[in-house]
Each structure stands twice: as structure tokens, then as C-alpha cells.
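Data block below; observations after.
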């Protein structure tokens, strides 16, 4: 019979969502159709159907029969969808690309089509250009095109198979192809990607003999290769050669040079490249500034990089280099340089630039860790005053900090600001604030947010009620927790493991252990299986009440129920036995813990060592101390070190007294 004290009778009502799916197979029809019929045929085309045809033996005839006519209306987008559908089978992707290429260059050279094919060949490849594959393609009346060869070469480079790309390149005449600048570029880029820069140079020098002229892509690939190796002077020589050939370096060329000089520790040269780039009318991109800022922080260290970059940025218009400012702020924030980040924000503000919400959130997250909370609040208030709108995460961060400092009135002010800014857009956003307030023991404020939530048209869900129950339970307000439980069930929700565990914790907190155990037993009647956290709450409560035998019974029941105990399940009874000076029972439980595969933590070791030292059982304490030193838990945190030092001192005193 269910407990009248806690849970009333309730039948769960769980609607099962239904899902209806159907695949429409396009009928084969090669006769002429009207525009209306063609449009309907195009709408009904299924990429999965096309892929299934590609897997058949007579794949070319089948797919040509069903999809040749509608492909004119479907366009490259359909080919991309089919390639993504067939991505697990790269050979099928090659077949699809070969077939689609017959219908025009806009299929073969479409950037999205080539990208989808390249991704499939790289992730699931390699697909080698075997004689069988060539014969299959030619047997369908198709050819291995220059575009397909370039995509294959690119995939081989990404897979580190540059040597194979060179072998195929040499045998191009057998495929009916001659070297072109595009093919050379593919082979050179594949070699660079695979780390074979020497082989890339060999092909580069061979280009004039085949009547091919290097272009900007060719030089950029080589510049990228030598910069990766740290040979930046050779990169400069290539750029000069490039300019001498009448080819203008582009933004990619300069960005790679900037990155190369930063990696080589030549920060001034990197800035010089950026200056030269601007002088020549090449607009830096966000990637250029990222390469400069991240490269300097990586090679020069945080302080020196900040000094050089801030000096350079101050001499240039802020609005022109907002990407550089953003990247510098990001690096400062990620390196916990809050003072410098705020200083840079003020400089930007004086030049008339207001940070965006995302970047402001990154800066505030850093400032909240390193600076005084009052100063952080001033930054937020100033940002709002200047027209900025902090994001949801910023408000949550500030409110949590204020609640931890018990500054309730200011926290309420920011909550009101969140409401006026319209940041509560879902039940989840409300639940996050309710959770924040409940954890800070401000359950009454949390209940007010629930009222605001309902007035705004959002209905509380099970997470909302569980959060309130947990908050009341931690404060020992079991009566209020039961009231929320009643409301939960009146709205048709079923209590879950979190509901029961929170209630049990509240009852234990108020020393109502009999009621807590009744609630624990009642869980099974509601079809809810206790987890390790539920057991741990009861085990700790019984240990605190001095009923360690009941705790051991629960520990044994947990094992019998197939629930794996954790270190907290054992720590409470071990600590209780040590306090009762029943060291042998504590040591036996410690041995059972190891045998069960549960790793002790620093608390377990320190509790046992201290108890053994107090009992003058020095040799046993030494064994456990050595075991602790060999385990990973010794490096957990500074408290562990301090505790270990204290225990070692106790051990030494025991040895001396002996």
C-alpha cells in the first residue's frame, strides 16, 4: 500500500509520439513530359533511391533510366544530397559524380559537389584509380575527367598518400589526359598537405616543360609548405618570384607569411608583412588577424605579445581593425589577463567602439574570475548604459556571483533587467535561473520566477518542480517540498528519480530517517529505480546518526540490486568505523572496496592513515601511505597535499614515540 504521507495515487499518462515516413519512388519515364510533370518528377526524386541504384550491378543503366530526365531540374543541389547520402560508400560517390558530370560542367565543377565528394573520399577512402575502376567508367561511355582526378588527388593528399598521387600523375596519358595547371596544383597541394614539400617543388619545376604556368594557387601552396617547416626566408623568395611573374599575392599569401613569421619567433617581421599587405591594398581578413595575434601569444608569451600588439593597434584606427581587437581580447581573456582585457575594452570605448554581446561575455567571464565583483558589475552597468545588451550567460554569471556574496538586492536588479531585455525565451531559460536561485538557498525568489514564468505563458515542467523540491529539501523545508510535490502531480507529472532523491535528502536533513526509508521503499511502487546517489544519501544519513550497520545493509542491498557503488558509498561507513575506533572493520571495508573495483580517493586514504596512526599501527599506516602515493589521487588538489603532510607528520610522531 502506498504511503499516504508522501505520494497520492496517480496513474501515469505517457503519450507515445508517432512518426510516419514514406519514400516516394520516381517512375522511370524517358518520354517527353510537360513542364508540370517534370516539376512533379523533380520534387519526388529521392537521393536514397539514387544511391540504392548505384549499388546495383547495372547501376549506370538504372540511374540513367530513372534520374536522367529530372536531373536537369534538380541541379547540383540534388547531387550534393545524394553524395551525402552515399558518404559511407566512397565508390558509389565516384559513380554518381561520373554519371552527373555527363550532364554538364556545372555539375562537374560545382564547388559544393566537389566538396561533398572530397569529404566522402577523405573520410571513408582511399579510392584508388585502379584499372578495374577505369574500365568500369569507360565501359559506361564516360571518362576519368580532369575534375575527378583533381578531387581524387586532393583526397590522397589529405590521407598522406602523396606518393600515389605522383604515380597516377605520371600515368595521366593512359587516361587520355594531359597535365594542366589545375592538375599540377592539385598534386602540389596534396604533396604539401602530406608533408612532402620536396616532391611539390619537383612538380613545380616541371610545370614549364609541360607548357603549364604557375598561378597564385601554385605559389600559395608552396608558401604554405615552407612556412609550415619554418623556412620563412624561402617563402619570401617565392613571393618575390611570384610578383616577378606578374602574379599578385592575395590575402591567403600574406596570412600564411604572417603565421610563418610568428611561428619562427620573428614578431616584428610578422607585423611588417601585415603593414606591407595593407600598403598594397590587400584587405586583411579575420583569419589574418587571428594568425598574427594567436601566433604572437604562442611564440612570444602573453605579456610581450600584449605589449607589442597593443602598441601596434593604438597607432591604427580601431574600427578598421576590430577583428584584431576581438582576437586580442579573446587571447587575453583565455589567459586570465583580466586587467589587460578591461584596459583594452576602455581604449576601444574611447575610440567609439562598443563590443558585441559575445565578446563582452568572454571578457566578463574572465573578469569575474580575476577582479572584484563590484568592479565587474560596474563594467556590466556601463555596457548597458552605452546601449549594449549582455547575453543570458553574462547575467547568470553575475547573478550567481552576487548570490554567493549574499547581495540579494543587486541580484534582483539584474533579474529584472533580464526580464525587460526579453532574455527569457523558453522554459529552459527560466529553469536555469530557478536552479541558480535554489542552489543559492533563495527558494522564495525562485518561486517568484515561477510565477513570472507562468504569467509569461510558459508552463513549468518536471525539471522546474524538481529544482524547487531540491531547494526546499536542502534547506530542510520538507513541508514546502511536499507542497511542490503535490502541485507537480496535480499537473499530471510523474515523480522521477530526482524527485525521490531530493525528498529523501530533505527528510534525512531533518533527521526523519524512518520517513526517508519509507520514501525509499515506495520508489519501486512508482516504477522508479534508486540510483547510487539515492543510496549514498541514505548511507551518509545513517552513518551520521550512528547506525553504521544499517548503512552497511544498504551498501549490500545496492550490490544485490546491481547498482555499482562509488567511492562515496564506502567513505561514509569507513569514516564512521574509524571514529568508533573499529579499525579492523574499516580496513575490511577498504579491502572490499578495492576488490569491488572502486578506487579510493584522498579522503579514504587520509581517514584510514590517521586512524591507524592514532592506534599506533604504524606498519599498516605505512602500507596505505605507500599505496596512496602510487595512486593518482595524490595529485588531486592542494588540500590533498596539505592533508597528506599532516598525516605524514602524525605518522612520524607515532614512529618516534615507538
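The backbone N, Cα and C atoms fix where each Cβ goes, and this holds for glycine too.
Database features (TrEMBL):
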REPEAT    180-214  repeat 'PPR'
DOMAIN    184-313  domain 'PROP1-like PPR'
REPEAT    215-249  repeat 'PPR'
REPEAT    250-284  repeat 'PPR'
REPEAT    426-460  repeat 'PPR'
REPEAT    461-495  repeat 'PPR'
REPEAT    496-530  repeat 'PPR'
REPEAT    531-565  repeat 'PPR'
REPEAT    566-600  repeat 'PPR'
REPEAT    601-635  repeat 'PPR'
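Across the residues of the repeat 'PPR' (601-635), the predicted structure has a mean pLDDT of 81. Long-range neighbours of the repeat 'PPR' (215-249) within the same chain, counting only residues 6 or more positions beyond its ends whose Cβ lies under 8 Å from a Cβ of the stretch, are 181, 184-185, 188-189, 191-192, 197, 200-201, 204, 207, 256-257, 259-261, 263-264, 266, 269, 280, 282. The list of residues near the repeat 'PPR' (566-600) in space but at least 6 beyond its ends in sequence, with Cβ under 8 angstroms from a Cβ of it, reads 532, 535-536, 539-540, 543-544, 546, 548, 551-552, 555, 558-559, 607-608, 610-612, 615, 617, 620, 628, 631, 633. Per DSSP, the repeat 'PPR' (250-284) is made up of 26 helix, 0 strand, 9 coil. As a summary of secondary structure, the repeat 'PPR' (426-460) carries 26 helix, 0 strand, 9 coil according to DSSP.
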